[in-house]
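Per TrEMBL, the features are as follows:
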type: ACT_SITE; residues: D:110; note: active site, nucleophile
type: ACT_SITE; residues: D:219; note: active site
type: ACT_SITE; residues: D:221; note: active site
Ligand SMILES: Nc1ncnc2c1ncn2[C@@H]1O[C@H](COP(=O)(O)OP(=O)(O)O)[C@@H](O)[C@H]1O
């Protein structure tokens, strides 16, 4: 079934305690390449049947009103996931075998 | 500065209490198009300077060992964000003006 | 972890308004009105300085002379808490009103500090974070006295339970209080949940914290000892609390694109927990001379209060402040309200030991300057002087208003609308069935019903010293594990009574809290209060305020216990409609041994015990 | 007039001291219940030894006979509960010692349990409570395995009341793992009555195969002193049921290892 992805991130000017804790811990594990980390949310909404423009519009609305808190978060992405998510997951699989 | 995105989702077979609560609440707000919701995490890692294959590899490693717990989560995506995030954010802006 | 001038590059991005420049350009237009200053206040600043203020000085004065920081409308009334102190009331008071929190002697070398504060407006805008940072702020006040925080309480007031916006506020605020307090490891031992439509767009989120200390650990917010170092530690400074757009844009080099400032603050309870432990370690090894938490008015408040309470002056280099957002202007850095920060004064001999403690807890810090003998607070930006003031004029000698007040005319009407003896008995339940229905209706009313749907979201066991918490009338925590000595606390308020008669209403709140503490088995010792009122510019509200303070001060005298600290929250209103005057009163009492605490209500296995009704 | 009578006898029984035993209590940044765990160790008659997460010296564990990973919110639990603490230098030592022939007894309480699953010393993981809220309550558990290093003073089937308080307490694992745990008798505790967080098969705590590593979400260290803990449901009296964890490990140590 098709899925719509909604990505929500803390606004850049807002403190992100989560990202801060992670960026502090990464170097201790030898991951020294990253100077900053922000942690946000990813939602996958399942749709029964084809994703019409109207449904996408509903997703954008839900993203702006319910899935994000506009006072502290930005919706940074609303898009339809490739049907089986294959090409996206390829990368991930690579990551997992490491 | 370039950013690498890491997306982590709860494994399909693991219950997602947050996703469940959202899918229950959406119809009450008139969002009836979605039959399922899963909530995962999105990390944005900032890199100072160009993203080399080595740095990307570090990101994949961090994603697999620390940013996700393989018992309950899958890394579904590790990729470099387009430099200014412009094309991704276009969508989001559309969502926000709604 | 890095000290030193990491922000030097950014130092060049601004048109720095130096003291010298200000002296040469008296005609420069300054945004004093946008910063909330009144014309007479701005003129007073010019008079004090003998020139126009620099942008940075203007920023400092505007935040420090705000109602919130200067108590300019309430000061003349609050004085009674000091003036009406008797010797009996002073007996155990180690620190009274004026410091971050009052301190009461418990004997055996132990002392206790407690205070209640409001975070009403931020909690309406963003309930979770507003309430969370409310807990964070009051806990830092307690730490800054040299104490270990041991418990929190949260008196809350919401609008009508069936109003569409109430759920957002209740759930957000309760989980914010829990989210922050639970993460600090502080048991929540009590509070209130009240629903009344007068609080609809102005919920009251008051937070109380209590801490304990050994006498020798008592610290005050002062900077003394010429040559002692001034250090800022904890979270980095961001644009928090400055407001959506900077009115100090003139400071910015490229003012065509002012960068965004956060609309609300996000709390980091983990950072605060680490800060607590780190401060306790500093106290244990006597590594700080003076210490101050950063709350509203941030660095402006910390530097001016430390310097003003000390015996000399202070010199601070602002480019050494570690920033979360490198685009902040000097004025904004001075005004920033970023959470989870502390400022301390350290002797040069202790610098290395201080840094070791910071490193152990992974807390960032930066050395900003030192204590001087000039009597001035001098702040530089990359070596250039941008602030040169007498710190007392910023921190303590701000404007004082004798606002006009008068008894509202409508009050007679409200008071006349009483229960009439002629109607006695009308509509009263007559049968057992009716009585049962009435009891059930009362029990189910939102203000009377079981509050465990709130309190079970709070950890009341952490620490292992909680002897009573919800649902008891007072919370009780053990202080000394050897002897069982401890304290009992309760907070109470009734806005409806205070609306009918603020003088008596405030006294009733105190009496209820006093009773709750006394019936738990403690000897009441001290009072803290959070005075939630409407606009002081409304003479009728001002009258309510004046009456409530007078009532409280008089009643304290009768009961023989002092107000040792508290907080005033004004401008709680929607449009021109104020909330009911709501003085929230917290009373603290002492137990020789908390084993003797008395729970409310009868316990299980109480078969055969007698029930008495005492009093009138 | 005589003294005010005590409403409840808040003094616990004097436990027999076994003060030779040293039990390490680990503090991570954000740990909350370390002092409580140390008190429980002391009340059980042993000597608590504070251990620091960042200690990476070979002697970091000193000569402790057992280790408690207490509750709290290490690193704020911001990434996942226990996810960052798991990488602490001291955790490496603890994992090695737990897996060694000496089988160091390790107890993970709440956040400590989460650290143990993140370290893969115990299987499964914890996710957010099914009702999504923090919950603090007096909780009845049934002891399912009374032969671990930390449970041998209980009886199988015994019901104990301790404290439950958490936000991410829902125990999950795949069906195969759950079946294995059941089959090998490695479910150590189950929730009785209401399942407070949606945990699979009402699991409140588990053990490793050797029985030296035990993790559970509820807090035994909060039920060790009359007057300061939960009330037992049947008697209405203060429960000190949590003490058994600490006396169990002492018994194990006296016996010279895990039963
Ligand atoms: N917001 C709160 N936080 C913590 N405890 C609370 C809160 N609200 C109520 N309580 C506690 O719940 C119990 C019952 O409260 P309440 O119904 O107001 O009692 P009463 O009517 O006896 O004053 C008390 O122990 C009180 O401290």
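Even glycines carry a Cβ here, placed using N, Cα and C.
From a predicted model like this one, the values you see are computed outputs, not experimental measurements.
Comparing residue D:110 (active site, nucleophile) with residue D:219 (active site), their Cα atoms are 7 Å apart once rounded. Sequence-distant contacts of residue D:221 (active site), defined by Cβ-Cβ distance under 8 angstroms and a gap of at least six in the same chain, are D:33, D:36, D:37, D:39, D:40, D:68, D:70, D:71, D:109, D:242, D:245. Less than 8 angstroms from the CB of residue D:219 (active site) sit D:33, D:36, D:71, D:109, D:110, D:162, D:163, D:164, D:165, D:242, each of them six or more residues away in the same chain. The Cβ of the residue listed as 'active site, nucleophile' has 29 other Cβ atoms within 10 Å, all protein chains considered. Secondary structure from DSSP puts residue D:221 (active site) in a helix.
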